[in-house]
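Enquirer: Positions annotated as substrate binding site by TrEMBL: Arg17, His129, Thr346. Under the heading domain 'Aminotransferase class I/classII large', TrEMBL lists 36-374. Per TrEMBL, pyridoxal 5'-phosphate binding site is recorded for Gly104, Phe105, Ser172, His200, Thr229. Residues or ranges marked as N6-(pyridoxal phosphate)lysine by TrEMBL: Lys232.
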Amino acid sequence: MPFNLSLAEREHAGLKRVLPAIDRVDGRWLHAGGRQYLNFAGNDYLGLSRAPELLAATSQAARDYGAGAVASPLVAGHQTIHRQLEHELCDWLGLEAVMLFSSGFSANQAVIKALAGKEHTLWQDKLNHASLQEAGWLSPARMVRFAHNDMSALEKKLKPAAGLIISEGVFSMDGDTAPWPGLVELARQTGNWLMIDDAHGLGVLGSEGRGTLDEQGLAASDVNIFMGTFGKALGVSGAFVGGSRALIDYLHNLGRSYIYSTHLPPPQAAAVLAAVRLVRSANDRREHLRARVAQFREGVAALPLQLLPSATAIQPLVVGEETATLRLAAALKEQGLWTGAIRPPTVPKGSARLRITLSAAHTRADVQRLLDTLHCVLQA
Ligand SMILES: *Cc1c(COP(=O)(O)O)cnc(C)c1O
């Protein structure tokens, strides 16, 4: 047998993954196995996935365009609804041009593999998402990883005009933000390019929810490549890459996961367009989310667990050991609360954690129930 499919070792180490059988997710509720749970594991930070505006846009576009795009974008798939969404994204974020992808994972593959040749270097934060690191390893470029958010470590590793620095807006498993003014400064000084993956900042941070750059007083034009996803705060799925017209024209020609993949289904593009319009004026939802984050952090300070320095919707509680993390998640589940138990290799060894995510859909009472239950199960 050429392949060893045994998972025994992973199971023994508390690292085996099992797909949870969920019936459906409905706003702040998650239904599974005939029970209803409060959901603290989703990425629907603004509670938009069930917004009537998104549902109406989806069904209208299905009637107008059909269920699928039926072709890749360069062949016959790129329709009016796609261009309307691109236009709205440019207007919202101050970008010259954008292109759409069916997932953030494939967007990152397209960009990095299309740009990076063997003469280039990619400098990546050690905590960058798997899709960024994987694209880097698979590209012919030299991959250099720098200590998380450590600008002096990065500075020591940089070479002039040799490639691309990549970091995230909000780190997906830690909830902290990268120091973008420092990254912009280093890229300028050394003549390198800069890319942001703002999957978790978009919609949540900045004025009109423009994301981490705006929050930190920067513009989209301060980076060369602006990548964001539609599957988190926008409540749908898919992604975009934005930048100069020249960059997007280049990726239309050389971004393989764009060229050789069916275009976004029109109902999905319509839902994202409706979501962006909502997000731009969703200050009330962002305010409500900030209040829940503050409430959670205040209530959790007394617990014997490490709370990471995060001001965003992602509030991880570091347990450390894998099986202890699974036990804690199971105890919360028993009490009707669904959280994510995140283990290596998604996070560094010894830092297994509950990834608790808050949403504007949660009420004050929901967060209080989470806090009370955490106090209870940790004392038991
Ligand atoms: C979720 C995520 C992605 C992948 O996006 P999908 O659209 O879910 O494939 C990429 N980067 C980061 C930082 C993410 O959190």
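In case you wondered, yes, glycine gets a Cβ from its N, Cα and C as well.
Automatic, uncurated: that is what TrEMBL annotation is.
Surface or core, plus neighbours and distances: that's what I need for these features.
Expert: According to DSSP, Thr346 (substrate binding site) sits in a coil region rather than a helix or strand. The number of other Cβ atoms within 10 Å of the Cβ belonging to Thr346 (substrate binding site), over all protein chains shown, comes to 17.
Per-residue pLDDT, averaged along the domain 'Aminotransferase class I/classII large' (36-374), amounts to 97 for this model.
Taken residue by residue with DSSP, Phe105 (pyridoxal 5'-phosphate binding site) is part of a helix. Within 10 Å of the C-beta of Phe105 (pyridoxal 5'-phosphate binding site) we count 18 further C-beta atoms, all protein chains included.
All protein chains shown were included, and the count of other CB atoms within 10 Å of the CB of Lys232 (N6-(pyridoxal phosphate)lysine) stands at 29.
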Enquirer: Within 8 Å of the centroid of the Cβ atoms of Gly104, Phe105, Ser172, His200, Thr229, which other residues of that chain place their own Cβ, given that this set defines the recorded pyridoxal 5'-phosphate site?
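Expert: Here the non-site neighbours turn out to be His129, Ser131, Asp197, Ala199, Gly231, Lys232, Ala239.
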Enquirer: Quick one: of Arg17, His200, Thr346, which binding-site residues lie within 10 angstroms of Lys232 (N6-(pyridoxal phosphate)lysine), measuring between C-alpha atoms? Sequence order, please.
Expert: His200
Enquirer: Nearest by CA distance to Thr346 (substrate binding site): which of the binding-site residues is it, out of Gly104, Phe105, Ser172, His200, Thr229?
Expert: Ser172
Enquirer: Given the pyridoxal 5'-phosphate binding site residues Gly104, Phe105, Ser172, His200, Thr229 in the record, what is the largest Cα to Cα distance, rounded to whole Å?
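Expert: Between the most distant Cα atoms of the pyridoxal 5'-phosphate site, 14 Å.
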